[in-house]
Amino acid sequence: MPQFSVDLCLFDLDGTIVSTTTAAESAWKKLCRQHGVDPVELFKHSHGARSQEMMKKFFPKLDNTDNKGVLALEKDMADNYLDTVSLIPGAENLLLSLDVDTETQKKLPERKWAIVTSGSPYLAFSWFETILKNVGKPKVFITGFDVKNGKPDPEGYSRARDLLRQDLQLTGKQDLKYVVFEDAPVGIKAGKAMGAITVGITSSYDKSVLFDAGADYVVCDLTQVSVVKNNENGIVIQVNNPLTRD
């Protein structure tokens, strides 16, 4: 099984850690009905994109001052469709395993992983207060409100990498290595643009779309990803039975 060594792990959230497609589509459809927008057309562009970009493109007359339109939409998702939200298989175990030294089995003093999502802080943080409560919100957590440029621009992932580098006192390390876990082609492209190894999850797109976007490995879910080694010197990740293009 293929293995690779990294210093940091960077995760998208929706579709990568948490399965939110039904909740997101339900809330967007409701908003589309209220404003006479074709949801089919919106869904061609929405996955992996920041909600504020979708608001500007499809709801130009909706008042989104201070992102209040986005917050209302994503509050609707979190408050009214929580029963449709679930964890991507293997996600919780993978995140928890990244917090433990494999040699001593003790909890590491600092987390080596971060979240980079296109969602709002309200929606993204809410999952760590509900279905990801056992994991807890990581210190480095980049949302769509923290960047000027959304995916496929690498700004979000680059910012998370730099913050982790600082927290872990790795600023002097020249050959820093990192992996990005993503379910959307725009996210895969963002990861590749900042020099990361990329692992695509087929929760939202066919494997061919993820490979075409540049994914180095593609899996069905995170049960196929395991931490072989994790200590102060780095992380060794194993991808079990990765999908192939054929």
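Cβ atoms here come from the backbone N, Cα and C positions, even for glycine.
Feature annotations, reproduced from Swiss-Prot:
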ACT_SITE  ASP83  active site, nucleophile
BINDING   ASP83, ASP183  Mg(2+) binding site
BINDING   ASP83, GLU92, ASP146, VAL147, LYS148, ASN149  substrate binding site
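Everything Swiss-Prot records as a feature, shown here on the structure.
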{"residue": "ASP83", "record": "active site, nucleophile", "Cβ contacts under 8 Å, 6 or more apart": "none"}
{"residue": "GLU92", "record": "substrate binding site", "Cβ contacts under 8 Å, 6 or more apart": "LEU132, ASN134, VAL135"}
{"residue": "ASP146", "record": "substrate binding site", "Cβ contacts under 8 Å, 6 or more apart": "GLY156, ARG159"}
{"residue": "VAL147", "record": "substrate binding site", "Cβ contacts under 8 Å, 6 or more apart": "ASP153, GLU155, GLY156, ARG159"}
{"residue": "LYS148", "record": "substrate binding site", "Cβ contacts under 8 Å, 6 or more apart": "GLU155"}
{"residue": "ASN149", "record": "substrate binding site", "Cβ contacts under 8 Å, 6 or more apart": "GLU155"}
Work out the three-state DSSP category of GLU92 (substrate binding site).
helix
Provide the number of Cβ atoms within 10 Å of the Cβ of ASP183 (Mg(2+) binding site), excluding the reference atom itself.
26
Record lists ASP83, GLU92, ASP146, VAL147, LYS148, ASN149 as binding substrate; longest Cα-Cα distance in Å?
32
